[in-house]
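Since the structure comes first, as structure tokens, the remarks are kept for the end.
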Amino acid sequence: MALVSGLVPARFLTLTAHLVIVITIFWSRDNNVRASLPLQYSQQQYERQDVELVVALSVTLGLFAVELAGFLSGISMFNNTQSLLSTGAHASAAVALLFFLFEQWESSLYWWIFAFCSALPAAFEILLFVSVFGFKRKPL
Amino acid sequence: VHPPGRQLSSTPLEILLFLNGWYYATYFLLEIFIFVYKGLLLPYPSANLALDLVMLFLYLGIEVTRIFFGSKGNLCQRKVPLSISLALTFPAAVMAAYYLLLQTYALRLEAILNAILLLFYAVELLLGILTLASFSRVDSY
């Protein structure tokens, strides 16, 4: 199989799509915060839910930085397993987050999407970092 | 310090141009759909809608030329195509800034997409100038 197959742009585009949706949710998180609160709520309850969602989104952005660093530096760009996993995870995340945004899901559901679609590829990425830098294995 | 052998082509620049090409293709298709959406939903004076659409096709032309010349110039280690590409980065950045800030109705989604394009341009400009400098230090065939 050629080194630069269609998997590299697919991975990059699904990663970017997921990133764009996360930034969009960050920008308009008011609806999702309100969906997690009871009908009558105090300002402190709102702020607590808001902080929870902000933390979740910020951690997601941090893990994006990890995965983009691994991808752009070449460590995992040509590793087909990681590319496949990443493409699948980020594509599902993009669809799930579209539902999250348009159907105004509550913010506790975000953690499930985060676990499977952000934490999993980032964990594999860190594993690859360790195996390349620590155990001196080749990035492929 | 010259790289070993005579390879002066910049791999990071090539990677960025490759990804930029794919990203721009997606951006263009998405923008067509967004304009259909905005045209149906928002009150557009028809002159503004026509201007935005024509500019989008102009942007496509600029971007395709820019990426092609940049990639060829970098891979063949030729200064002229690479500098054409660098020069075209400026109108491309102006177009991205237009769609980010100045167009009639800018959606949040469009703002984010254009910001990512501007980020691409900034890094490509930097790498392009460094690559051009490294080409100029050696006599070309």
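Glycine residues also receive a Cβ, built from the backbone N, Cα and C atoms like all the rest.
These come from TrEMBL:
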- B:15-37: transmembrane segment (TRANSMEM)
- B:49-69: transmembrane segment (TRANSMEM)
- B:81-100: transmembrane segment (TRANSMEM)
- B:112-135: transmembrane segment (TRANSMEM)
Selection from B:15-37, B:49-69, B:81-100, the stretch that has most Cβ pairs under 8 A to the transmembrane segment (B:112-135): B:81-100
Close approaches to the transmembrane segment (B:49-69) from elsewhere in its chain (Cβ under 8 angstroms; 6 or more beyond its ends): 17, 20-21, 24, 28, 31-32, 35, 39, 81-82, 84-85, 88-89, 91-92, 95, 98-99, 103-104
